[in-house]
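Trainee: Straight out of Swiss-Prot:
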TRANSMEM  6-26  transmembrane segment
TRANSMEM  27-47  transmembrane segment
TRANSMEM  56-76  transmembrane segment
TRANSMEM  143-163  transmembrane segment
TRANSMEM  195-215  transmembrane segment
TRANSMEM  224-244  transmembrane segment
TRANSMEM  258-278  transmembrane segment
TRANSMEM  300-320  transmembrane segment
Amino acid sequence: MKAQYFFWILFLIGFYWMLYLYQDFLMDALIAGLLCVGLFQVKVFLNKRFSNVISSFLCVLVLASVVIVPLYFIVYKGSNVIFEINFEKLSALIKWLKGTITENLSHFPAIHDGVSKFLENFSAASITGYLLKVSSYIGKYSLKLVTDALFILGLLFFFFYYGEKFYRYFLGVLPLEMNQSKKIFEEVAGILRIVLLTSLITVILEGVAFGTMIIWFGHDGWSLGILYGLASLVPAVGGALIWIPIAIYELYHGHVNEAIFIVLYSILLIGVLIDSVIKPILIVFIKKRIFKTTLKINEILIFFSMIAGISQFGFWGIIVGPTITAFFIALLRLYENYFIQKEQKTCEC
């Protein structure tokens, strides 16, 4: 057996066992690596003023405040809402909702019976039990999320500290020319920077838009604005987690016009205008004006890759989806610019 074949057999065996050993941490390591790549320009900026250790720590500290503090805020506010529920008021609200729905559906016999049977099991006791189950699930999920976040932050410090060494090492190890490897890396890093900044600005815009509106109806605009901005990152439901309960609350108190306005404002202005219209425009602006990058990836493709990533990977899909897309497109360009052209030159000769 040739030494080269023997080496690759040993390498594949070792690689398999490495994956098996660290399989529970692969996603955390991937997220930490992608965040490091996307934010490494911040690290380079801080390196001009601080030592490598301090600049790495500052980068991790900023990310920790962005990830852990909002999570604590959500858990704290959510637990307060659940444990401060007034059972009598909740029963009255449910009774009113059931009566209103049944009365309005009396003109539609085809669906009236089915909805009435469903509402028979709809009571304050069942909702309270469901909320307790949800709070228990949120508690377990939050604990796992905090554990993952702490592990990611630990890996981030490691990646930030040794980032330049890792970069040079991987460029040298890859079986490609140096400029080819750099182009792939620059493509992925550029997309990550655009996605991270776009997501941050979108969260702020949606939170400010909702908080500014809701304060006029006597609610806590600061807290609900933060919650809405964070809820907008939740796949599928997004800000509906916030505006639906508030609209129901306004309906219960007889504020029909206010409830309709909250629903339309949340769906049309925030859901359609900001999330579906302004967000793609933001991607174009950030790409061409802020980073002034020469990336040849369509902005709409970046937008849809974020949506696809969220649907497949959940919260972290915001960065995983665009990364996969950018990496694949970079490989296609590499194949087009180097391998196809090389074959054409060979044929001409």
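Numbering starts at 1 and runs along the chain as it is shown here.
Quick reminder: no glycine exception, Cβ is built from N, Cα and C everywhere.
Could you place the listed features in the three-dimensional structure?
Mentor: Note on the transmembrane segment (258-278): residues 202, 205-206, 209-210, 213-214, 217, 228, 232, 238-240, 243, 246-248, 250-251 of its chain, located 6 or more positions outside it, place their CB under 8 angstroms from a CB of the stretch.
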Trainee: Where among 6-26, 143-163, 195-215, 300-320 do we find the most Cβ pairs under 8 Å to the transmembrane segment (224-244)?
Mentor: 195-215
Trainee: Sort out for me which stretch, of 6-26, 27-47, 195-215, 300-320, has the most Cβ pairs below 8 angstroms to the transmembrane segment (143-163).
Mentor: 27-47
Trainee: Spell out yes or no: are there three or more C-beta pairs under 8 angstroms between the transmembrane segment (300-320) and the transmembrane segment (6-26), with each pair 6 or more apart in sequence?
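Mentor: By the criterion, they do not touch.
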